[in-house]
């Protein structure tokens, strides 16, 4: 194998964009560019979701339509599930990954918008403020922490399966106390996922996988918000 031409040394950028290298091992310039992309995409996703939810809440005709069409939320949820699998498979294919990202975010925003129409505006605002505050605090904590949070991944996913199973059983054994406990447990679980995914985007992903990083954090935010909605609603009923 021929030696590389000394006139054209391999750049650090080439090294950083090898899929085997993590963001944390890249140069400061690459790390900052990666974080800007991730959090810019995430901000746009949250903005689209917020605007869509506001439209659904503001217009009475829209609320009435979605309440009379319960199949809509299932359609949006299944569509977003299909697109997220397509995104994972095509996350390195630009610009296809961005088109899939937009489609996924739009369907997820529509799903959230339908859900919030069943809640009081005051509770929605409380959940939104809490979600924003918690996400910002956990992000700052994780990015400056020297701890290795990757070891918590298996436990978090095991707890997620337990939460999903408990949510299924809730349909057969519903109680207000159970709803309160599951909502609180779900909110705490996704706080854990925010820490885990923030740590993972720096230590497990390559600099080109910013779309995957944004999706992970977006789903964490949405799930935290929805569980806080349920929790606050359950508390207000007590």
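The backbone N, Cα and C atoms fix where each Cβ goes, and this holds for glycine too.
Range 69-89 is the one annotated as transmembrane segment, of 6-26, 69-89 (source: Swiss-Prot). In Swiss-Prot, residue 65 does not share a side of the membrane with residue 143; the two are on opposite sides. At the 8 Å Cβ cutoff, the transmembrane segment (69-89) and the transmembrane segment (39-59) share fewer than 3 close pairs (sequence separation 6 or more) and do not count as touching.
Model confidence over the topological domain 'Cytoplasmic' (197-208) stands at 88, taken as the mean pLDDT rounded to a whole number. Most Cβ pairs under 8 Å with the transmembrane segment (98-118) belong to 39-59, among the candidate stretches 39-59, 152-172, 176-196.
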